[in-house]
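Trainee: Got a structure for you, written out below as structure tokens; questions coming shortly.
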Amino acid sequence: MASQGLCGMDGFSIAHLVTGGCLNRTAGHPLTFSPSSCSAAALLKPDRGEAFRPPSPPPADAVEISCFEVSSEYLRKEMDEDCCSTQLIDGDGAFNVAGIKHFIKTVKLAECGLSYAVVSIMGPQSSGKSTLLNHLFGTNFREMDAFRGRSQTTKGIWLARCADIEPCTIVMDLEGTDGRERGEDDTTFEKQSALFALAVSDIVLINMWCHDIGREQAANKPLLKTVFQVMMRLFSPRKTTLLFVIRDKTKTPLESLEPILREDIQKIWDNVPKPQAHKETALSEFFNVQVVALSSYEEKEEQFKEQVASLRQKFYHSIAPGGLAGDRRGVIPASGFSFSALQIWEVIKENKDLDLPAHKVMVATVRCEEIANEKLAFINADEEWLQLEKAVQHDLVPGFGKKLSAILDKCLSGYDMEVIYFDESVRTSKRQELETKLLQLVNPAYQSMLGHIREKTLNDFKEALDKAIEREGFAVAVDDCTQSFLLKFDKGCEDAAIEQARWDPSKVREKLRRDIDVYVTSVRAAKLSELTTLYEGQLNRALSEPVEALLDAASDDTWPAIRELLQRETKSAISRFSSTLLAFDLDQATVDKMILQVEEYAKSVVESKAKEEAGRVLIRMKDRFSTLFSHDVDSMPRIWTGKEDIKAITKTARSASLKLMSVMTVIRLDDKNDKIENALSVSLMDASDSGGSSRSIQILDPLASSSWEEVPPTKTLITPVQCRSLWRQFKSETEYTVTQAISAQAFSQTYPAFLQSFWCFGPAEANKRNNSMLPPPWAIVAILILGFNEFMILLRNPLYLVVIFVIFLVGKALWVQLDISGVFSNGALPGLLSLSTRFLPTVMNILKRLADEGQRPAAPEHNRNQELETKRFRNGTHSNSSSNITSSESGIEYSSPPTQ
């Protein structure tokens with residue numbers, strides 16, 4: 001497509017096209033080239049506001065070159081840098097997309113925002129439209145060459161920028177109407193171009209001859225009628241200014257012509273069919289009608305120029321309030337003008353229904369969405385955001401909220417600046433969509449930040465709570481720390497909050513609260529467990545030894561004393577325990593449950609101790625029998641002189657042992673009386689006195705049962721059958737002691753007193769009873785004389801010392817194991833008799849232990865046996881035979897090795 005007008009040469013002049021010639025532009029003539037000696041600087045350009053004067057006829061040798069024949073390859077710029085014309089729509093209705101983009105870029109229209117105006121002109125063909133625009137706006141539209149006849153000059157729609165008018169004003173020169181080239185029937189393009197001018201222009205100049213006013217066809221009334229009708233159907237009001245320019249004004253005053261024009265326009269508006277939405281719409285809602293008259297350009301050129309210059313002043317600040325287009329509506333931002341014009345032209349050509357606000361929304365939607373996508377892509381590649389996103393994945397980021405808010409604000413502010421001139425509802429909607437996408441993009445980073453805050457707060461809470469519990473009560477420490485660290489979490493969330501989002505961190509806060517509650521619960525459980533263990537340990541220490549001592553005493557007051565001890569210690573422990581529990585702020589049900597647990601534990605301690613002592617009842621019985629039988633009422637060892645009633649002493653000792661067994665049979669913590677002691681006495685003591693009946697279990701024997709009457713099995717320690725078995729074993733193991741006593745009594749009646757003391761108590765005791773601290777002098781002399789040879793042998797052969805040392809160690813072990821000092825404390829004869837029964841088992845036990853020690857490490861059972869043995873010696877056990885006790889689920893079994 002050839003370019004209309006002259007454009008800059010990009011560093012070379014048109015004179016380069018024809019060597020040695022000069023181009024001249026004349027009004028009504030095409031460019032002519034004269035091969036005269038003119039330089040490229042002789043290229044002429046008309047002054048703005050002035051018409052081109054027809055030159056003198058060109059010389060005969062002039063060569064004509066039409067400016068439209070100059071290839072667009074060379075005409076890349078306009079002659080005037082402030083004015084660049086391009087064809088927007090060609091004669092066939094094709095929209096020049098590339099041309100308008102180049103035009104907008106050249107004139108920098110996109111930078112104008114809303115500060116621009118669009119002016120178009122329509123009117124009959126060859127009515128001087130282009131000439132008027134060139135003089136009025138300093139454009140360079142092609143004008144008709146009057147010397148070549150009257151014909152169509154402008155084809156399609158041309159676009160140019162006005163020179164030196166603010167704001168930026170774009171002028172469209174439309175193809176003339178009623179031209180012979182298109183004919184009478186081809187009026188479609190006329191209507192389309194007129195409708196297009198009314199749809200996109202703020203000011204429409206309607207150029208008409210003065211003598212056509214009052215006419216129908218010449219005044220373009222049918223065209224306006226059609227355009228008005230279609231415009232109301234397709235578009236909504238945008239308040240376009242219709243400026244009627246009356247050309248070649250006659251003597252008729254303007255005051256007389258203007259009412260006629262306004263009346264004609266109003267009639268057209270009133271008579272045109274209107275859609276239902278605009279039945280009552282006034283002409284003033286769509287158009288602002290103004291009229292101006294100009295003198296003839298050819299006849300009154302100077303006056304024409306003055307009137308044009310005056311008219312030009314109206315286009316300065318035309319969009320300001322009070323200007324020609326001061327009340328326009330539905331303005332499209334300059335950056336969307338090309339898209340808007342293209343869409344409007346397509347709608348007009350395809351005759352689709354579309355109103356202007358919806359079209360404006362469409363344009364704004366496309367542009368705003370493009371800008372939003374650009375901003376979204378920008379933030380995805382923003383280095384600051386990428387660093388922040390990476391940092392928050394690993395740890396807390398101080399000032400996270402402010403940093404991220406600044407990044408988002410920069411993105412949204414850039415969007416707001418670029419879409420400020422688009423439809424408000426659309427740009428707001430797209431801004432919300434952009435903001436939603438941005439927030440979706442940064443939400444994972446925000447959630448990571450909250451997770452770090454929660455984790456750090458929880459860890460700090462745990463550390464602070466452990467320290468606070470040591471200084472103050474548990475409940476107070478928990479409340480203070482919980483409130484303090486929840487407040488700390490809230491402050492951390494405020495620091496991480498994003499200004500553009502109203503995200504609620506309550507879910508993370510609730511999770512933190514649950515984590516805190518779980519930790520508090522675990523700590524409380526641990527502390528209560530420690531506390532319970534502490535008081536249980538205190539109860540165990542307070543009850544174990546006293547209960548053991550009371551059971552060892554085994555009297556009628558044993559269980560009442562145990563009950564009193566249990567109540568006293570339990571009450572004291574519970575009082576302290578309850579006071580301590582107040583610091584935990586527990587509910588009453590939990591407190592009662594824990595107190596009951598402590599009470600049950602106290603009872604279990606007593607019951608456990610009673611079961612333990614019941615397992616040693618046979619040992620206790622033998623010890624008691626030995627003590628009462630071998631000592632008098634003053635706890636002095638008995639000397640069997642023959643005057644003692646051994647039978648009575650034996651019965652008394654056995655009765656005391658039976659009393660001990662009756663105490664050990666059941667657990668009596670409920671203060672209920674039973675008949676166990678009476679049943680044992682009748683079945684065991686009385687049966688022993690009656691002779692033969694003691695050797696068999698009577699049919700009506702109360703001990704012929706596995707349970708005691710009115711005693712639950714859980715409280716039973718020794719069953720009746722076990723009592724009978726224990727009694728038999730007890731009697732068999734104490735019979736020998738009685739026999740020894742009888743023998744000693746018979747011996748005392750036969751030998752003198754000194755020998756009795758010697759044999760009964762040993763030499764040391766005999767000498768002591770004779771008031772001497774040392775052996776008799778004769779015994780000392782005999783030892784020195786008789787032992788001299790042996791002493792010399794030891795000195796000559798030291799090996800004997802080793803043998804003697806080994807014998808000493810074995811003897812020492814036997815001395816300790818047999819407790820010889822304790823055995824002979826009751827006399828030599830009882831001691832010898834006791835050693836005779838215990839010597840061989842003790843030696844075998846020592847040898848067995850030595851063998852076990854040589855084969856494997858010491859076992860726990862060995863330690864337990866040693867402990868039991870030591871305790872037996874500590875309690876003064878001097879029985880004639882050892883007893884073994886084995887506990888099982890069915891009861892307690894008792895066994896004793898046979899007496900040798």
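From the backbone N, Cα and C atoms, a Cβ is placed for every residue, glycine too.
TrEMBL lists these features:
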| type | residues | note |
| --- | --- | --- |
| TOPO_DOM | 1-774 | topological domain 'Cytoplasmic' |
| BINDING | GLY123, PRO124, GLN125, SER126, SER127, GLY128, LYS129, SER130 | GTP binding site |
| DOMAIN | 399-853 | domain 'Sey1/RHD3-like three-helix bundle' |
| TRANSMEM | 799-816 | transmembrane segment |
| TOPO_DOM | 820-900 | topological domain 'Cytoplasmic' |
| COMPBIAS | 854-872 | compositional bias 'Basic and acidic residues' |
| REGION | 854-900 | region 'Disordered' |
Trainee: Any same-chain residues 6+ apart from GLY128 (GTP binding site) with CB under 8 Å of its CB? Would you list them in sequence order, or say none?
Mentor: ASN207, ARG247, TYR297
Trainee: Please compare the binding-site residues GLY123, PRO124 by how many other CB atoms fall within 10 Å of each one's CB, and tell me which has the fewest.
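Mentor: Least crowded of the binding-site residues GLY123, PRO124, by Cβ count within 10 Å, is PRO124.
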Trainee: Quick check: with GLY123, PRO124, GLN125, SER126, SER127, GLY128, LYS129, SER130 left out, which same-chain residues have Cβ atoms within 8 Å of the centroid of the GTP site Cβ atoms?
Mentor: GLY176, ASN207
Trainee: Taking all residues of the topological domain 'Cytoplasmic' (1-774) together, what is their mean pLDDT?
Mentor: 79
Trainee: If I restrict to non-local contacts, at least six residues apart, and a C-beta distance under 8 angstroms, what lies near GLN125 (GTP binding site) in its own chain?
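Mentor: Correct list: GLN152, GLU175, GLY176, THR177, ASP178, GLY179, ARG180, GLU181.
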Trainee: 10 Å Cβ neighbour count around LYS129 (GTP binding site)?
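Mentor: Around LYS129 (GTP binding site), other Cβ atoms within 10 Å: 28.
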